[in-house]
Amino acid sequence: MSVVRGLLIVLSGPSGVGKGTVRAAVFDREDHNYVYSVSATTRQSRPGEVHGVDYHFVTHDEFKELIDQDALLEYAEYVGNFYGTPIAKIEEELAKGHDVFLEIEVQGAMKVRERMPEGVFIFLAPPNLGELENRITNRGTDSQEVIYERMQKAREEIELMKHYDYVVINDEVENAVDQINAIICSEHLKVERTIEKIQRDIHDYFQKGD
Ligand SMILES: Nc1nc2c(ncn2[C@@H]2O[C@H](COP(=O)(O)OP(=O)(O)O)[C@@H](O)[C@H]2O)c(=O)[nH]1
Ligand SMILES: Nc1ncnc2c1ncn2[C@@H]1O[C@H](COP(=O)(O)OP(=O)(O)O)[C@@H](O)[C@H]1O
């Protein structure tokens, strides 16, 4: 029997809302077949980040080469750095039946929607903007100037959340994880029901002809 293609799951949300934290908790749960799409970026690595695991940290020239080779599904500039999604691994993993998680900002997500509208687009929102600022500040990875820029960006991003299929509020990590798992489960059911319906239709059609 052929393998049912995996789901493309796109998770976006403002910097500091908790995308990385929630995604790690989603991946921590047992019995999943999720694969994380590691992006390429020109941003400097933060302490603790691992090349090839968190990001492929590349130079501007290397990033340009990826664009020229058409190796990116999408890319965007975000607060002075480039970020892009390598396409090859995504196709390979979806074909194996694995669900592929993209954690990308909104401009990139909208480009993915144009190219792969079958994706499941989830926006992770903060309970409020004051809490968002606290989270970025407490994470301790960004200067005051970068925090200011990221908060300005958050305003634009939240405006675009209406273009997503689902909005999940990250009040408590466990709640957000439960909601994301429920969304994925229901999207899988939708695909299975569609396949069953087509199979029934084929069956009925040929029975009639007998
Ligand atoms: N368009 C696009 N955005 C990405 C990609 N990888 C990461 N991002 C987004 O770029 C933004 C900045 O990422 P980062 O510097 O790691 O900051 P953080 O999200 O605050 O940890 C976040 O919204 C990421 O989700 C990518 O491949 N494409
Ligand atoms: N639900 C939550 N409640 C409180 N703090 C959170 C929650 N989710 C994430 N955080 C904290 O907020 C900060 C930013 O989270 P992170 O996962 O790095 O965000 P993002 O990947 O969206 O930039 C981290 O210090 C993280 O521990």
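Any Cβ shown, glycine's included, is placed from N, Cα and C.
Keep in mind that TrEMBL annotations are predicted by a computer and have not been checked by a curator.
Copied over from TrEMBL:
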- 6-185: domain 'Guanylate kinase-like' (DOMAIN)
- G13, P14, S15, G16, V17, G18, K19, G20: ATP binding site (BINDING)
Original post:
In the structure shown, which of the binding-site residues G13, P14, G16, G20 has the fewest other Cβ atoms within 10 Å?
Top reply: G20
Original post:
ligand 1: which of the binding-site residues G13, P14, S15, V17, G18 have a Cβ closer than 6 angstroms to it?
Top reply: S15
Original post:
Setting G13, P14, S15, G16, V17, G18, K19, G20 aside, what same-chain residues sit with their Cβ within 8 Å of the center of the Cβ atoms that define the ATP site, listed in sequence order?
Top reply: L124, P126, L132, R135, N170
Original post:
Under a criterion of Cβ-Cβ distance under 8 Å and sequence separation of at least 6, what residues of the same chain contact K19 (ATP binding site)?
Top reply: L11, S12, G13, E103, L124
Original post:
What is the average pLDDT across the domain 'Guanylate kinase-like' (6-185)?
Top reply: 95
**OP:** Select the most exposed residue of V17, G18, where exposure means the fewest other Cβ atoms within 10 Å, treating these as the binding-site residues.
**Re:** G18
Subject >> Sequence-distant neighbours of S15 (ATP binding site) in its chain (C-beta under 8 A, six or more apart) >> reply: V79, I136, D142, R150, K153, A154
Original post:
Where does K19 (ATP binding site) sit in the DSSP three-state scheme?
Top reply: helix
